[in-house]
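This report refers to the structure that appears directly beneath it.
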Amino acid sequence: MTDGLEPEPAAAADLFGEHIAKGRQFTEALARHGEERGLVGPLELPRLWTRHVLNSALVAPLLRPGRVGDVGSGAGLPGLVLGIMRPDVSFVLIEPMERRVAWLERQVDELGLANVEVVRARAEEAKLKGALDQVTARAVSALRTLIPITAPLLRPGGELVLMKGAGVDGEIGAAEKAIRKYKVHDAEVLVLGEGVVSEVTRVFRATVG
Ligand SMILES: C[S@@+](CC[C@H](N)C(=O)[O-])C[C@H]1O[C@@H](n2cnc3c(N)ncnc32)[C@H](O)[C@@H]1O
């Protein structure tokens, strides 16, 4: 057990299923090294499971076998959590900051995630245009600026799976121009985890092209 880390919530084993050992390994590594590496603030340890790891884990059932990009993975949220939970999906974690990339690569190695690749780049400069089936992102930017950097990575008919806060409806209103420009359609807001975790996760899901 790592000092200050929230005890593992009951929902963790249910959500991770057979992958719970790796879920614990990643969460404990983040609790141990996250602060010194500037990945999570000290105040996050008592809510690392619920607010960060389980919140990310709730997205796993939305993914389909194929190639999924996680833009701005940072500490590996949601990319590494999803990589652990969905070995049937190929992930590419797109992150520009060198020390975060080093962390992600080390975790991929230590967790033995053969399905996860790390690319050091800003999304708009990554050589992945039109290459992905789905794109995830969490806490990167508002939809107005997030859609222009994520939508071009998708193949026609690919899907945005963007984790958002309670202000998502306002973000959608402000993103109208980008939604039209990037041919974003069939958009919906999913509320995940009600009755399962203390903080629900909202996802803006939409098809592009
Ligand atoms: C606030 S952090 C969130 C990290 C992680 N997704 C999370 O939920 O904890 C935002 C991350 O997005 C990355 N980022 C910012 N702009 C980006 C861009 N244009 N393309 C890819 N990543 C970007 C930053 O380097 C940073 O790691």
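Yeah, the Cβs are placed from backbone N, Cα and C, and that goes for glycine too.
Listed in sequence order, P148, I149, P152 are the same-chain residues six or more apart from E124 (S-adenosyl-L-methionine binding site) with CB atoms under 8 A from its CB. TrEMBL lists G72, L77, A123, E124, R138 with the feature S-adenosyl-L-methionine binding site.
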All-chain count of other Cβ atoms within 10 Å of G72 (S-adenosyl-L-methionine binding site) | 23
Would you mind pulling the longest C-alpha to C-alpha span across G72, L77, A123, E124, R138, which the record has binding S-adenosyl-L-methionine, in angstrom?
-> 19
Determine the Cβ neighbour count for A123 (S-adenosyl-L-methionine binding site): the number of other Cβ atoms within 10 Å of its Cβ.
-> 23
Neighbourhood of L77 (S-adenosyl-L-methionine binding site) by C-beta distance under 8 A, where only residues 6 or more apart in the same chain count | H52, V53, N55, S56, R138, A139
